[in-house]
Amino acid sequence: MNAMPEHFLAAKATVSEECTRPFPRSQKIYVQGSRPDLNVPMREISVTDTPTEKGPEKNASITVYDSSGPYTDPQAQIDIRRGLPRLREGWINERGDTELLNDFSSNYGRERNGNPDLAHLRFEYLHTPRKAKAGANVSQMHYAKRGIITPEMEYIAIRENNRLEMMRESGLLRQHPGQSYGAAIPAVITPEFVRSEVARGRAIIPANINHPELEPMIIGRNFLVKINGNIGNSAVSSSIEEEVEKLVWGIRWGADTMMDLSTGKNIHETREWIIRNSPVPVGTVPIYQALEKVGGKAEDLTWEIFKDTLIEQAEQGVDYFTIHAGVLLRYVPLTAKRMTGIVSRGGSIMAKWCLAHHKENFLYTHFEEICEIMKAYDVSFSLGDGLRPGSIYDANDEAQFGELETLGELTKIAWKHDVQTMIEGPGHVPMHLIKENMDKQLKECDEAPFYTLGPLTTDIAPGYDHLTSAIGAAMIGWFGTAMLCYVTPKEHLGLPNREDVKEGVIAYKIAAHAADLAKGHPGAQVRDNALSKARFEFRWEDQFNLSLDPDTAREYHDETMPKDAHKVAHFCSMCGPHFCSMKITQDVRDYAASKGMETIDVAMQSGMEEKAEEFKKLGAEVYKKA
Ligand code: IRN
Ligand code: FE2
C-alpha cells in the first residue's frame, strides 16, 4: 500500500456516531457458510420475557436482514480513508479469470498521470482496478448458466433465509398465505435456487469485481423486495465526506443499494470514496458524468466519451449502470402531447442528442459494445426508463410503453452476452393503472427484475411524495417488482437532507415489507408477530426495539409518557387507562380464565356487566400508580 495523500490525512477517519450507534438491544451476528471466509451479517434483536402468574415466559429473539454493513458493528475498526475490508477479494482471485491493471485504462487515468494538478487524486493505494482476462466473462449470470454456485450465491441464500429455522419453536411463524401473482417463492432459499434464478435472468446479483468490499445481495421477485436510496452532490456541492455520511445513514435505515447521482465537480473522487466505503451495491447513471465532460451540452456527447466514462466507472467498482438505451428517436415525438414531457434527466439528455443529430440513440446502436464492457467487470444493466410518465396525466401512454418494448428487446441482447439486467419503471401512475405496468414488464422483458421509482399515485402532495409514492411502491412490489427506488419528501422541491433520506428509506422499507407480507414470503410475518405480541403485552421497550425506527417510536412515546414507569404501564396516552382496548381484552381474558370459561365469547356475554364496574376501578388505580 502506498502512502496516503495529504488531503486524505486531513479528512475525518470515521462517520458520525449517529450513523454507527448499534440499534438498541441489538447484536450484530455473522452466520458462517460452507467456508471460513463466508460470514453473513444479520441483526439479532433480543426481547424481554412475558411476566405471567407462573413466572416469566421466554420470548424468542428476532433476526432481521441487515444492510448496514460493518458500521453498526462495535467490533469493526473503520477508517473511511482506507475503505472497508475486502471480503470478496479472495473469491474473485480464486476464480482466476481476472487480472490486475497497473492503472485506470480510461482517459481519467491517462489525464491524471500526465497532470501534476491531478496527482492528488491518486487512489491506487486504496484500489488497483482489475478486469476480466482476455475473452473471459466474469458475470454472475455467466457462472450461473454454467452451473457454478459462487460464494456470492451461497452468501445470498443464507442472507435471505435470515435464520428462519431458529424461529420454529417460537410460535411466531404463523402467517397468512400470500398472493404472489405467479412468483414462486420457495420455503427455503438454497444456493442452487439463487443460481437458477440468476441463470434464468429472473434475478441479478450486482457485484462488480472492482467492488470487493461488497456484501452480496440479490434483486429478483422470488426474493425479499429491496429498496434503493439515492445520494450525490449537485453543482451546489456538499463535501465528499458528507456523501459518505449520507451513504452510511441510508444503509443504516435499510437501503439495500445506493445510487450515486453526483453531478458537478470532483465526481470521480466522490464516487471513489463512496464505493470504497460501501457494503451495498452502488449504482450510477454514467451519462451524467459524460455530460459534465462535454460541458453540459448534450449534442456534444459522443459514443467515445460515453464509452470511456463507462470504463472509468467500471474500473472504480460501480455495480450497476442506468443506461437510457430505450429512448429511440421515433419515440421522442410521442412525448409532445404529454402534460409533463420527459422528466427523466438521462432521458431528456438522450432525446436532445437524438433530435440534434437526427440520429438513433447511440446507447441503442452501440448496445452490444456496452455489453462487452459490462461482462468484463460484471456490471449489471439497469435499463433506464427515460420516457417514464412524470404526471398522472401521462401514465401508461404510448411513449412509455413503446420504450418498455425496446427495453425488452435489449434485455434479450444483454442475456445473450450473459450480462445481468434489470428494468427501470415509472414514475407517476394512478393505482388502477399500476398492475398493467407490471404485467407488461414481465411479458416484454421475459421476467427480468423490475425496478421502479415509486410510482407516485397522485400529484397533489409535494412535500409528501415519499407517501404518495410508497403507496404505489407497495402495490407494485406486491405484483412482482423486485426493487423500489425511494422518493423523499423533497421530491420535486429540492435536494434531500439527512432527515429526508431517513424518511424516504423508512417509507420504502414499509412498502417493501408490506409487499413481502402480501406475497407470502416465508417468515415475512415473524417480526410483525413479535412486535404485536410485545404491544399486546405492554412490553413497550420491546415494541420500540422491534420497530423499523426505534428512535422515533421511543421519542413519540416519551413525548407524553416520559417516565421509566410508563414503559411498563398497561396503556398509552392515546386512549388513556380507561379506554385501552388491549388492556380491556387482557382483563376479559383473565376473567374468562378465572371463571374457567372456554372461550372469550362466553365471558363477554355472561360477564360484561359485572366487569364494567371492575374496569373502572382498575383503570383508576393504574392511572394513579403511573
Ligand atoms: C428508478 C426507476 N426509474 C428511475 N429510477 C431512478 O431514477 C434511476 O435508477 C436513477 O437513480 C434516477 C434518475 O434517473 P433519470 O432521471 O436520469 O432517468
Ligand atoms: Fe415526478
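Even glycines carry a Cβ here, placed using N, Cα and C.
In TrEMBL, the substrate site is described by Asn230, Met259, Tyr288, His324, Ser344, Arg345, Gly346, Asp385, Gly386, Leu387, Arg388, Tyr451, and among Glu197, Glu405, Glu409, Glu424 the residue recorded at this site is Glu424. Comparing Ser344 (substrate binding site) with Cys572 ([4Fe-4S] cluster binding site), their Cα atoms are 46 Å apart once rounded. The domain 'ThiC-associated' (22-99) scores a mean pLDDT of 96 in the predicted structure.
Note on proximity: among His428, His492, Cys572, Cys575, Cys580, the binding-site residues of the record, the Cα nearest Tyr451 (substrate binding site) is that of His428. If you measure from the Cα atom of Cys575 ([4Fe-4S] cluster binding site) to that of Gly386 (substrate binding site), you get 49 Å. Listed in sequence order, the residues of the same chain lying 6 or more apart from Gly386 (substrate binding site) and placing their CB within less than 8 Å of its CB are His324, Gly326, Val327, Ile342, Ser344, Gly346, Gly347, Ser348, Met350, Ala351, Glu403. Screening the binding-site residues Gly346, His492, Cys572 for a C-beta under 6 A from any atom of ligand 1 leaves Gly346. Between the CA atoms of His492 (Zn(2+) binding site) and Cys580 ([4Fe-4S] cluster binding site) there is a gap of 41 Å.
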